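J.: Got a structure for you, questions after.
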Amino acid sequence: NLVQQLPKAIIIGVRKGGTRALLEMLNLHPAVVKASQEIHFFDNDENYAKGIEWYRKKMPFSYPHQITIEKSPAYFITEEVPERIYKMNSSIKLLIIVREPTTRAISDYTQVLEGKERKNKTYYKFEKLAIDPNTCEVNTKYKAVRTSIYTKHLERWLKYFPIEQFHIVDGDRLITEPLPELQLVEKFLNLPPRISQYNLYFNATRGFYCLRFNIVFNKCLAGSKGRIHPEVDTSVITKLRKFFHPFNQKFYQITGRTFNWP
């Protein structure tokens, strides 16, 4: 009775928020089946033109009682995506995992930097990209900055979906204390509580929690996770935090979830 089902829940973002960790951890639940690759169906015009059956065929096989989850962090910031997902399933559950916005922007930069260094290419310093040299203000044209203005993107989604269909995951807490975050997601997805402390063990070498599926099968996230961030000028960090502050307040207000971001 194995079938390929369309997802009942999608992790829509945010990039560098912990989407891969969240997907892998939710996969510990026996009723959850994950798409292994980012499918980029709703944010890629070429893929979207292939139609919903193409999308369904990209899904893993599952039993009818299980729920399929996919993650593509670009969904959150791509303008066409909310309407496209709404047309597929207006009652779908949407997961957003966020981190402190300045840290997330630096993490985003770090990933791009590493890619450039692998190809022996030089790249600007973070400070030069994040601050407009002419105005000395925060450069909102820089994608890593724009992605961290969570409330702006969320407002676009709210034109299609009520706030009750979103669940906000604390990406910083998922690193340090994953179980309570995962229990909140189980509840949101109406899943019986199955993920326990047994499934999560701290790997001191990596500085991360790893996953224990059963007595024989354990899994840690790829080595590319948890990259060391470059040193960033503290005055730039202060400027960014000040810039994000009003957007963060609005985000707390809309979602009903408060974070102790500076």
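Cβ coordinates are placed from backbone N, Cα and C, and glycine is handled just like the others.
Automatic, uncurated: that is what TrEMBL annotation is.
Copying in the features that TrEMBL gives for the protein in this structure:
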- Lys16: active site, for sulfotransferase activity (ACT_SITE)
- Lys16, Gly17, Gly18, Thr19, Arg20, Arg99, Ser107, Tyr209, Lys225, Gly226, Arg227, Ile228, His229: 3'-phosphoadenylyl sulfate binding site (BINDING)
- Cys210-Cys220: disulfide bond (DISULFID)
- 7-251: domain 'Sulfotransferase' (DOMAIN)
J.: With Cβ-Cβ distance below 8 Å and at least 6 positions apart along the chain, what are the contacts of Arg227 (3'-phosphoadenylyl sulfate binding site)? List them in sequence order.
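T.: Residues satisfying the criterion: Ser107, Thr110, Gln111, Glu114.
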J.: Give, as a single whole number between 0 and 100, the mean pLDDT over the domain 'Sulfotransferase' (7-251).
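T.: Looking only at the domain 'Sulfotransferase' (7-251), pLDDT averages out to 95.
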J.: What is the total of other Cβ atoms whose distance to the Cβ of Gly18 (3'-phosphoadenylyl sulfate binding site) is within 10 Å?
T.: 27
J.: When the number of other CB atoms within 10 A of each residue's CB is tallied over all shown chains, which of the recorded positions Lys16, Arg20, His229 has the maximum?
T.: Lys16
J.: Rank aside, I only need the closest one: which of the recorded positions Lys16, Gly18, Arg20, His229 has its C-alpha nearest to that of Cys220 (disulfide bond)?
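T.: If we rank Lys16, Gly18, Arg20, His229 by Cα distance to Cys220 (disulfide bond), first place goes to Arg20.
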J.: Can you tell me how many other Cβ atoms are located within 10 Å of the Cβ belonging to Ser107 (3'-phosphoadenylyl sulfate binding site)?
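T.: Other Cβ atoms found within 10 Å: 20.
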J.: What number of additional C-beta atoms lies within 10 angstroms of the C-beta atom of Cys220 (disulfide bond)?
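T.: Cys220 (disulfide bond) is surrounded by 15 other Cβ atoms within 10 Å.
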